[in-house]
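Pulled from TrEMBL:
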- 1-22: signal peptide (SIGNAL)
- 289-381: domain 'Transglutaminase-like' (DOMAIN)
- Cys297: active site (ACT_SITE)
- His355: active site (ACT_SITE)
- Asp378: active site (ACT_SITE)
- Asn418, Asp420, Glu468, Glu473: Ca(2+) binding site (BINDING)
Amino acid sequence: MQSLRACLRSFLLGWTLKFSCSSHFFIAAMQPSTNWHLKENARDHHTSKFSSKELIVRRGQAFTVTFNGTEQPEQNLTFIAETGPKPSKLAKTQATFGISSTVSKESWSAVLQSTSSNSVSISISSPPNAVIGRYKLSVQTTSIGSSSPASLGTFVLLFNPWSSGDDVFMPNKAECEEYVLEEFGIIFAGNKNHINSFGWNFGQFQGDILNICLSMMDRSLNYRQDPATDVSHRNDPKYLGRVLSAMVNANDDQGVLLGNWSGNYEGGKSPSSWTGSGEILQNWKKSGFKPVRYGQCWVFAAVLTTVLRCLGIPTRTITNFSSAHDADGNLRVDEFYDASGNHLDRAADSIWNFHVWNESWFSRSDLGPSYSGWQVLDATPQEESGGIYQCGPASRNAIKEGDVDLDYDCPFVFAEVNADCMYWNYDTATGKKTLMFSKSTVIGQFISTKAVGKDDRVDVTNDYKYEEGSTKERDIFKKARKKLGLEDKFDPTAPTPQEIDQKPDISGKFKVAGPLEVGKDLNLVLVLANLQSDAKTVHINTTAWSTVYTRRPVHEIWKDSISVTLSPREEKQFPIKISYTEYQQQLTTDNTIQVTALCHVEGGIQVLVQRDITLDNPALDIQVLGEAKVNKEVDVEVLFTNPIDTEVMDCVLQVEGNDLLKGILEIETTGTPIFKLCSTKYFCWEINKQSPETIRWC
C-alpha cells in the first residue's frame, strides 16, 4: 500500500515516463516537463523582442504554463514562486498559492485552464506590485501525504507599463512603444546656439542584455550590504532607478562606466566613439565586471535608458542646454575670467554646453499623486547623494514648482535648469574678484528629447520651469531658496546690491559669419554697441580656447587685443578669423571652442562677451541600393568626402544595427570594405583616406 501511494504521489508531481504501479513496484520521481508557451506569453506580455529561451513576462498579468500531471489537480497542487537569495513571504520574495476560481489582484494566484490525461494548463498571475527579477517556480502535491516541491523551472518577471495597477503604468500606448520597446533613439547635443543630434542603439533586447541587467542589480552596494532586503525593494521603480543610477557609473561600486572629461582617453575609448549600449554592457560582463573606459554624460544616460527599458520602466534621454553644475548648493553658479578674457577653471561650479540625463515614468506614492509622472534620474557622477554618486529620482513636477525639499536630489536638478549666473573678473595676483554682471536667464535652455514615433526634437523646457524671466518663474526661484534656507543666510561670496545694480555702458555679441565645420576656417564678427550718449573708449582682449563640452578650457588657440572708440549710440563690427591650421591640433574630440572678449570700458564697468562654438564633423552619406525586404540581403553605400587639403590617415567607419549586420566583412586591397546586411553585428575597420577623394563603401 505504501509503494502504491508513493507511485500515485509521484504521478501527481508529473512523471515524463509511462509506468505501472502495484503494491510491490516503485519508480523514483523525475522532474516535471514544463511548456512555458514562450511565443504566446511573449506576445501577450510585450516581450517578443527578447532573444531568450527563458519565459519573460510582466507583473500584474496572467501567463500560461503547462506541465504533465493529473486530470483533476485543483485540490492537490500548491505553487511556490520565489526570488532572491533568502526567499521570504514577509519580504514578498516568496509566494505560495493554490488553484483558485478567479484571479487575485492583490496576490499571486493560479487558475486552472485545462487538463488531460497527462498534462495540466494553469494561468498564473502575479500582483502588480510584485518584486521583479528571476523567479523559481515549483509545484507541490498536498492531497496524499506530503511531498517535496518539484521545480517547474525559472522565469523572469518585469515591470508592466501596460497594467493599470503597476507603478510604471503609462496610459498612452504609443508612448509605451517608444519608451519601453523602441531600441533606437536620438540624443541631442551641441550648444544652445547650435543643436545637433546623433543616433544611439539602446539594444535592450539584444542577446545577453537582460541577464547583464539582472546581474547589475546583484552587484550594487545595497545588495552587497543586505541581499535579502535589497531584493525585497525591487518592486519599487524609484528604489531601483536610484540604485541603477549609481551602478551605471563606476565611482563607488565597480559599476559599468568610468567617466573621463580630461580630453585624454588613453587606455580606453573616447566617449564620442560609442554608438550603442550593447557593446558597453557586453564588455563590462566579459571583463569580469570591471569598469568600461570611458563615458561622458550622454553615454551614462544612454546605458541607463537601456537598463531601465529592459526591466520595463518607461525611460527617455533628456538634453539640457546651458546646464548648471551647482557644486555648493546655493542655486547660483560662478564663472571667473582674468583681465585677458581667459575663462579660469577655478570654481567648483560650471555651466556645461549641454548635459544629458534620464526621465523615467512612475508614480510617487511617497510624495503624492501630483508628483507622479516623469522622474529625473542621472547616472553621470557629478555630486554625491547619500554618500555615493547617484542622482534621483527627482519629480519633474517638484522641480517646476520649486519643491526642492522633496526626495531625491531636487535642489541639484533645480539648479541644473534654473540657477542664477554670476560672472566675475578675477585678479590672479591679488585674489580680488569683481562682479562684471549676473544673469537669471542663461541656465536651462532648449531642454530636448526625441518625439514619440519620430526623430524630431521636442522641447520640454516649459515642463521644467515657468517662462524664463516671468514673475512666476522668479517667485518659484525665491520659493526654492527659502525652502533651502538660503533666503536669510549670509553668503560672503555673494555680490553686493551695488554690484548687482551696476549698468554697463556698452553691449556686445558674437555673430557667426561662415560655416561651423571641422576643416573650415572659423569666421566670427564681434559686434559692440555704445548704449550711452557720450563716446566710450574700449580696450578689448579677445581669446579663443578649445574646450570639452563641459566648457573646461583645454588649449589656447588664438588671442588678440585692440582699443577702439565708440561714438554716442554707435555700433561697430570687428571681424575675427581663426584658421583651421590654428585650431586643428588643439581641438578636442568634442569639437568645441569658446571665444571670449573682455571689454574694459574707460570710466565704466567691464563687459564680457562670449560664445561657445560647436563644429560639425563631415557628414556620411548613406544610400540603400535597391529595395529593402525582410530577411533579404540589401547593399548599402556609405560615402565620405575629405573636407581638407591634407591626407587623413587611419579613418574608422563604425556600423551598428540590430538584426541587420551579420559581420561578413572583406577588405579589398584598395581599402574598400564590402559588407552585407543580415543580422546583428558591430564592427569597425581601418582604411587610408587620400585627399581630396571621396571614399565609397558598398
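Cβ coordinates come from backbone N, Cα and C, glycine included.
Separation of the C-alpha atoms of Cys297 (active site) and Asn418 (Ca(2+) binding site): 19 Å, rounded to the nearest whole number. Rounded to a whole number, the distance between the Cα atoms of Glu468 (Ca(2+) binding site) and Asp378 (active site) is 24 Å. Taking Cβ-Cβ distances under 8 Å and a sequence gap of 6 or more within the same chain, the neighbours of Asp420 (Ca(2+) binding site) are Leu331, Arg332, Val333, Ser438, Lys439, Ser440, Ile443, Phe477. Those residues of the chain, other than Asn418, Asp420, Glu468, Glu473, with a C-beta within 8 angstroms of the mean position of the Ca(2+) site C-beta atoms are Ala419, Ser440, Thr441, Ile443, Gly444, Lys465, Gly469, Arg474, Phe477. Residue counts for the domain 'Transglutaminase-like' (289-381) by DSSP state, with H, G and I taken as helix and E and B as strand, are 18 helix, 41 strand, 34 coil. Comparing Glu473 (Ca(2+) binding site) with His355 (active site), their Cα atoms are 22 Å apart once rounded. Note on the domain 'Transglutaminase-like' (289-381): mean pLDDT across this stretch is 97. Glu468 (Ca(2+) binding site) sits 19 Å from His355 (active site), taking the C-alpha atoms as the reference points. Cα of Asn418 (Ca(2+) binding site) to Cα of His355 (active site): a span of 14 Å. Counting only same-chain residues at least 6 apart in sequence, those with a Cβ under 8 Å from the Cβ of His355 (active site) are Cys297, Thr319, Asn320, Ser323, His325, Thr380, Glu416. Figure note: comparing Cβ neighbours within 10 Å for the recorded positions Asp378, Glu468, Glu473, the maximum is reached by Asp378.
Looking only at other Cβ atoms within 10 Å, the busiest spot among the recorded positions Cys297, Asn418 turns out to be Cys297.
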